[in-house]
Amino acid sequence: MSSFTHFNDQGRAKMVDISDKKVTVRTAIACSSILVTKEIYDKISHHEIGKGDVLGVAQIAGIMAAKRTSDVIPMCHPLLLKGVDVSFDWKQEKKQYRLLIEVKVKTEGSTGVEMEALTAASMTALTVYDMCKAVDKGMIIGETYLLEKTGGKSGDYLRNS
């Protein structure tokens, strides 16, 4: 494992200089989820949530979050993203439903897009919670994790199941 590079000679935080890093295509896929009641699942599926199209709004929120990651993660470099795709899948679990969220982010640059994908997945889940909390505040946001990344000096990564 490499040493941390986000500290200067005085031990204080710094943004890493990436100007000498090779420009390559970089991708990242992050996942999150939110567990909801059958009532919320039905209301989302039938577009009966008062705040509007939950999945449509959450998808846009995820894309916006990916684009603004450097505004909320202090040492994250601002990146020109080439693409962001937020997708959903439902999984029934006993009497509840889990909304699975997957975010794919792509750029061509000197640093990776893992944080953008993770931020987008998190914000997508938070947006679903916000839009549905009037129905039930007991929703549970699940684990958020990096599934895969490609490109860059550290090489490719694929999470073990």
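Note: Cβ is positioned from N, Cα and C throughout, glycine not excepted.
Here is what Swiss-Prot says about this protein:
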type	residues	note
ACT_SITE	Asp130	active site
BINDING	Met75, Cys76, His77, Met115, Glu116	substrate binding site
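Projection of Swiss-Prot feature records onto the structure.
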residue : record                 : contacts (Cβ under 8 Å, 6+ apart)
Met75   : substrate binding site : His6, Ala13, Lys14, Met15, Val16
Cys76   : substrate binding site : Thr69, Ser70, Met115, Glu116
His77   : substrate binding site : Met15, Ile18, Ser70, Ser110, Thr111
Asp130  : active site            : Lys51
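For Met115 (substrate binding site), the Cβ neighbour count at a 10 Å cut-off comes to 22, with all displayed protein chains included. The Cβ of Glu116 (substrate binding site) has 27 neighbouring Cβ atoms from other residues within 10 Å, across all protein chains displayed. DSSP assigns Met115 (substrate binding site) to a helix in the three-state reduction.
The residues near the substrate site, meaning same-chain residues not in Met75, Cys76, His77, Met115, Glu116 whose C-beta sits within 8 angstroms of the mean position of the site's C-beta atoms, are Thr69, Ser70, Ile73, Leu79, Thr111, in sequence order.
Per the record's binding annotation for substrate, residues Met75, Cys76, His77, Met115, Glu116 show a top Cα-Cα distance of 12 Å. In the three-state DSSP scheme, Asp130 (active site) is classed as helix.
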